[in-house]
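> Mind having a look at this structure? Questions to follow.
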Amino acid sequence: MASTTGALILAAGKGTRMHSDKPKVLQTILGEPMLRFVMDALAPVFGDRVWTVVGHRADMIYAAFAGEDARFVVQEQQLGTGHALQMAWESLRAAGLDRVVVVNGDTPLLATETIDFFLKESAEADIAFMTLTLPDPGAYGRVVRHNGHVAAIVEAKDYDEALYGPEPSEINTGIYALRLDAVESLLPRLTNANRSGEYYITDLVGLAVAGRMNVLGIQCGEDPNLLGVNNPAELIRSEALLRTRLVIGHIEGGVLIHAPETVRISPRATIEPGAEIYGPCEIYGTSRIARGAVVHSHCWLRNAEVESGSEVKSFSHLEGATVGKGCSVGPFARLRPGAVLDEEARVGNFVEMKKARLHKGAKAGHLTYLGDADVGAGANIGAGTITCNYDGKNKHRTVIGAGAFIGSNTALVAPVTVGDGSLVGAGSVITKDVPEASLAIARGRQTNLPRKPKA
């Protein structure tokens, strides 16, 4: 793609029909904001030459894409799509663009291949836009043609058969290709003389036709992938289509997915050929499942890594965690951000880890909390062990040495260290460091007293 072509995403609207406090483009699909799907479709074609117009709750959009190389333009007042283009014009010109493709931020089904096709078909046009023919055009803008040639785009609420003739079934998808030199003279001529009182980008078409510019309406049949998402029902339908598309792609790539209709996978997740997934299961964010790893049913993963030969058993919850090779997790385990399992480590049922590391071969079989902890290779953590890491103000670390054995129902009050090869007796409350190769017992002596007989 020529370096003088860029893209503009319109994402400033409120999306009132979503009945949500957050902007429409941040509604989630497969754990990701809807806007991300549009950005991902454009990136292979335009690289970093993509701008997004934001307005309503722009702060939330900035936060959602913090740390990413996204370019934003602010539309302080949401006065329509034409006004949004005007707000972005200086940025587009400063980037040295000759052409710009304009898309709406609520089209998560948009495919890269569609954009490639559109650019080739519109190469000679001053203004081009994509159209669909629908049995029920609904609220979409109508495409008016005279003798097959585009005459105008008229918004549904403004359509007047006395002026334009019988209402057509061909609609505007909201995807445009604009030659900047041609459009620059038209932008100041946009008006808000319509029922919405907004400046429509669609009015550029009528102005261009009147100016005898080359205007093309490129027909794309009845492709539903080009339609926007306007309400919760449409969001759910789009998510279902995207879920199926992604799951099928992984299966065709060599991933074994059982009950695929119940599996949800983020577009940013990586699942290597030879991995095995059992549904229902949810894999979100930048999670990575390596070849030979198995994730069982009813698991939830976000930004987690599972290396080859590892098994995540049912009902486990992993977020921001790393599971090394040959590990076992669960069932019913929770690995929170910063949890790391080195090779052949094991975490069993009802074990929670946070900012904690189990080195090679270490294991915590059940009913344990390991927070802000480092557990040495081969250590064994007994049932009911708790690292008491919070003193009410600050978090503190617990270090358990290689080969150590922590007896059941032990409380390790951080900061504290248990040395290599040491044993802590069951039921202990450890508040002081335990030297290497030591036995530590910190509990009250058992007393047996005679029991009074019942009266």
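In case you wondered, yes, glycine gets a Cβ from its N, Cα and C as well.
What Swiss-Prot shows for this protein is this:
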- 1-232: region 'Pyrophosphorylase' (REGION)
- 10-13, LYS24, GLN75, 80-81, GLY141, GLU155, ASN172, ASN230, ARG336, LYS354, TYR369, ASN380: UDP-N-acetyl-alpha-D-glucosamine binding site (BINDING)
- ASP106, ASN230: Mg(2+) binding site (BINDING)
- 233-253: region 'Linker' (REGION)
- HIS366: active site, proton acceptor (ACT_SITE)
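Map these features onto the structure and tell me what's around them.
Classification of GLY80 (UDP-N-acetyl-alpha-D-glucosamine binding site) by DSSP places it in coil, neither helical nor stranded.
Under a cutoff of 8 A between CB atoms, and with a sequence separation of 6+ in the same chain, the neighbours of ASN230 (Mg(2+) binding site) are GLY15, ARG17, MET18, LYS24, ASP106, ALA139.
Across the region 'Linker' (233-253), DSSP helix (H, G, I), strand (E, B) and coil residues number 20 helix, 0 strand, 1 coil.
For HIS366 (active site, proton acceptor), applying a Cβ distance below 8 Å and a minimum sequence separation of six or more within one chain yields GLY348, ASN349, PHE350, VAL351, ALA383.
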> Excluding near sequence neighbours, so keeping only residues 6 or more apart in the same chain, what lies with its CB under 8 A of TYR369 (UDP-N-acetyl-alpha-D-glucosamine binding site)?
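Listed in sequence order: VAL351, GLU352, MET353, THR385, ILE386, THR387.
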> Select the most exposed residue of LYS24, ARG336, where exposure means the fewest other Cβ atoms within 10 Å, treating these as the binding-site residues.
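Minimum Cβ neighbour count within 10 Å, taken over the binding-site residues LYS24, ARG336, occurs at ARG336.
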> Average pLDDT across the region 'Linker' (233-253)?
96
> So for LEU10 (UDP-N-acetyl-alpha-D-glucosamine binding site), how many other CB atoms are inside 10 Å of its CB?
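I get 25 for this one.
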> Give the three-state DSSP assignment (helix, strand or coil) for ALA12 (UDP-N-acetyl-alpha-D-glucosamine binding site).
coil
> Are there any residues in the same chain, six or more apart in sequence, whose C-beta is under 8 angstroms from the C-beta of GLY80 (UDP-N-acetyl-alpha-D-glucosamine binding site), and if so which?
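Once residues fewer than 6 apart are set aside, GLY80 (UDP-N-acetyl-alpha-D-glucosamine binding site) is near ASN192, SER196, GLU198, TYR199, TYR200, ILE201.
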